[in-house]
Each structure stands twice: as C-alpha cells, then as structure tokens.
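If you look up Swiss-Prot, you'll see 1-12 marked as compositional bias 'Pro residues'. Residues annotated as compositional bias 'Polar residues' in Swiss-Prot: 16-28. The compositional bias 'Low complexity' feature in Swiss-Prot is assigned to 154-170. The domain 'SH3 1' annotation in Swiss-Prot covers 191-252. Per Swiss-Prot, the feature domain 'SH3 2' maps to 271-330; the stated evidence is sequence analysis. Here Swiss-Prot flags 355-414 as domain 'SH3 3'. Feature annotation from Swiss-Prot assigns domain 'SH3 4' to 431-493; the stated evidence is sequence analysis. Under the heading region 'Disordered', Swiss-Prot lists 1-28, 102-130, 142-187.
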Amino acid sequence: MVRLPPPTPPRKPNICGTSGNSNGINENIDTSTFSVSAAKALFESAKRPEVRNAAIAAAKNPFVRQTAKNVAQDEKARGAVLNAVKDPSGGNKISAAFAVADANRKSDSVPPPPPHRGGTSPGKLSGSHSAIRSQLENMHIGGSVMSSNSSTATPSYQSNSTSSYSSSAPVAPPPVPRHTQSIPSYSAPAISTPYGIAKFDYAPTQSDEMGLRIGDTVLISKKVDAEWFYGENQNQRTFGIVPSSYLDIKIPLKEAFTALPPRPAAPSGSSSGTYATAIYDYNSNEAGDLNFAVGSQIMVTARVNEEWLEGECFGRSGIFPSQFVDCPNLYQVPMKQSAPSSAPSYSHPITNNSGPKQTVTVSYDYDSGVASDLRLFEGDVITALEDIDAQWLLAECRGQQGMVPKTFLGPPYGSPKKAPSKGIAEIACAFSPKKAVATGDYHSEDPKHLYVTRGDHLLIVEDVDDYYYKGKLEAFKTLPAGILPKNIVKLEN
C-alpha cells in the first residue's frame, strides 16, 4: 500500500532569514533577500539525479521526516543546524548532531502523527481504507467494528442465513437465571496473547479505527501493514485498527505464535474442536459474558441452556447468546452439568439402534436456513435419532440428518396441528379483536408474518396456538393480518 508523506508544517518566520553561505548549492547566495541567482542555483542542483534520488529517499524515511520536524520545532537545534550549514567546521557539525539528538529525545513524550490513510470525507472510505477493510473481511476479522454503545433487540424468530452476515444484530435472550443455575464468574485471565499498552491518546478518524486512552490494554490479533494493527481495546471493549506507533508492545505477534501457552482443559464431556463463527457483534457489560466482533472464531465448550453457550475467544472465557453465532455442529456440544433438580424430565426415550426407530409426523413447515437444521414440510415423516433436550430433536429425513424443534412435530413430541384458520368473517364473530402493544421487534421476511417494531399498537384477531397470534397494525387496519410471536405482545385491558 502506497502511503503519502504528511503535509509540510507551516514554516517558522525568519528560519533562513539570516544572510550567509549555503554550502553545496551556491556559496555566494544572499539569503536575507530574494535572489534570482540563488533560486536558479537551487533548481539546477535539484536536476542532478543523485541529489533528486537522495531527497526522495530521505522524504520516504519516517525517521528523517520526524527528525526534520523536531529540529524545525526546536529553536536551539534549528540554530545549531543553520550554523553548521553556514560554517561546516567539525565543531559546528558535532554541535548540530548533539542538538538534533536532544530535539529527538524531547519529542519522545509527544505522540507521533498517525499514518497517512489518504483524504476522505467523514463516513466515506478512501481507496486505502477500503483495501484494509476488504483484507479484514476476507480474513473474517472485524467486518463490523464493535462500538461501545452497540444496542440489542428481541431475538428474531426468523433464522438468519449463514451465507451473509447482517449488521443488525438480534437482541440477546433473557439473562441466564443465575439464582437457579451455578454460572462461574469469568475473571479476566492473565494476558498471554499478543498485546500492547497505549502510549498516547488516539481519536479515530474513520469508521474502522479504534480509539485509545493512555494506559489502555490492546489485544493484537492481526498486523494490517507496517503501521497499523487490528485488535481489541479491553478497557473500552471496542474493536478496530490503531497506529502501531501509539502502542508499547509487550508481547509481539511473532513471539506469541512461536510460544503459545497450553490451552486450558475443556469442561468434562465437552466437544473440543467445536467452533462457532460470530455473525453479529456482541458487547455486554454483564460480568461473565464473552464479548466478540462479527467474524470472530469462538471455541464452544458447553451449552448452558437453549439460548446461551459457553466458550473461549482471544484467550478469554465466558457465556454468550447462541443466536449471535453460526455453529453447524452445535448439537454435538453437550449441555453444561448443573446441580440435580427435582423438576420432571421432558425427554422422550429413543429406541436403541438395534431395534426399530421411532417415526414422527411433521405438523408445520420448518426452514430455518441454518445448516445444521433439517428442512421439513407439513406431513413429512421423520425418524427420531436422539433426544437432545426438552426442545430439540436430532432426526433424519430424506437421507439427511439435522436438528428439529419439537414444537413443529406431532405426538408424542408436539401437539396435533389445529384445524385450518377460519376466514376473516368467522374470526370477527368468534374472536373479537383485542388491542395490544409490541414489547419487542419482530422483523420477518416471510409474507405470512407481521413486521412489528417495538411500541407498535396492534389488533389481535386470532389466537393461532400456544406460541403465535395473528394480528395487524392498528394504523394499517386495511392491510392483511400476519403472524407474530406471543412473547413480544402485551394485551391491553
């Protein structure tokens, strides 16, 4: 990637205003006033290939650029250099060298200018910026930079296709009931991955950059180029790229990959090697949660319940919502062992492999778009292979195996499908519309479902089953009614 030099700083008045000789260009140049002969000598010298090549090489060297800036800003160093130019004696050259070194030492406490990324208007990506973003997305790193104020919404009942990641994340499910299940406290482990400490404050100028404050700890996951790193700010819980010159590197990337620490043992019975890919950013302030950015690879160690998983990412452990990740082999991950409960068991025994297997009729069409789930149609007959838990079944249909929700099946797992829905006229007689308010978002692309946003006023026209209502938006009564889940609806008295 070609990087342009930074803009030339404004010239201090009278820096070269003292008359004297300019050794190497024209010893008779009068610098106190404008001189045509001096200008001519300067341009003639610049035409020489060796002078031009030396100037270009010096301009490309960041150390030379920074040194020139330090000298220009330091009055003592500036005077010493001018004296050495006027009178190139050995003493003046030594004095100038010490003055330049002193100016460089003084500049150590000042943050270096961030690497140039090309001019862009706010919110618009430059060519180099787009190239960096494209590289990160191809490596599944930070396709969307996590913001510290990212919001969440009610989980969508329409599963997302794994072929394209959406930036509109679902809302995390209700927190794990911590008074009924023993969830360990996941304290931050000692850092053993590549990381650095911020030496200076840095305010991001583009959407994929990450802000820094002095002392912030940054976990480094990728070297974008010679001047930029991609990583996570553990203090601010944000992801993005930062200038490498702003970090004091404690564990470099090379050292970390040549001497990886041993991975902690997975919980007993866990399926080591089961990985999930984050399809949304997850940023939680809850202690014990595992935060990550879209595209992150997470090792799933256990299922806490039907909506929460436990895993590891970037050397950290915690729990996270299952609908924020894509995990094709999720059914292979065992449930986390919890204290014995007196609650009744909802599992249905499956006949062992030596005898005939149980068959079940599908009551509703099911197509979640998730690779590990079966695609089923009403009336299909499936073979039950394994009872995963109270809500999911591993089954086989048309030579394919996958997960199926029990609520979409007939007896003995689900309920028989109700009679076909009545017409609008019959509904008006048998079920008077009830007013309700949406307590969450339900954004489905299925034309049979109602697109609802939190706060919408609804008219419920039919109680479909134990899980769904049929209704319409009160503001659009003339439009057809659609299906929506009961758990995001609050009926008004």
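Even glycines carry a Cβ here, placed using N, Cα and C.
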Subject >> Stretch of maximal Cβ-Cβ contact with the domain 'SH3 3' (355-414) [cut-off: under 8 Å; candidates 191-252, 271-330, 431-493] >> reply: 271-330
Subject >> Secondary structure composition of the domain 'SH3 2' (271-330) [DSSP: H/G/I, E/B, coil] >> reply: 4 helix, 28 strand, 28 coil
**OP:** Mind looking up the mean pLDDT for the domain 'SH3 4' (431-493) in the predicted model?
**Re:** 84
Original post:
In the domain 'SH3 1' (191-252), how many residues does DSSP call helix, how many strand, and how many coil?
Top reply: 3 helix, 31 strand, 28 coil
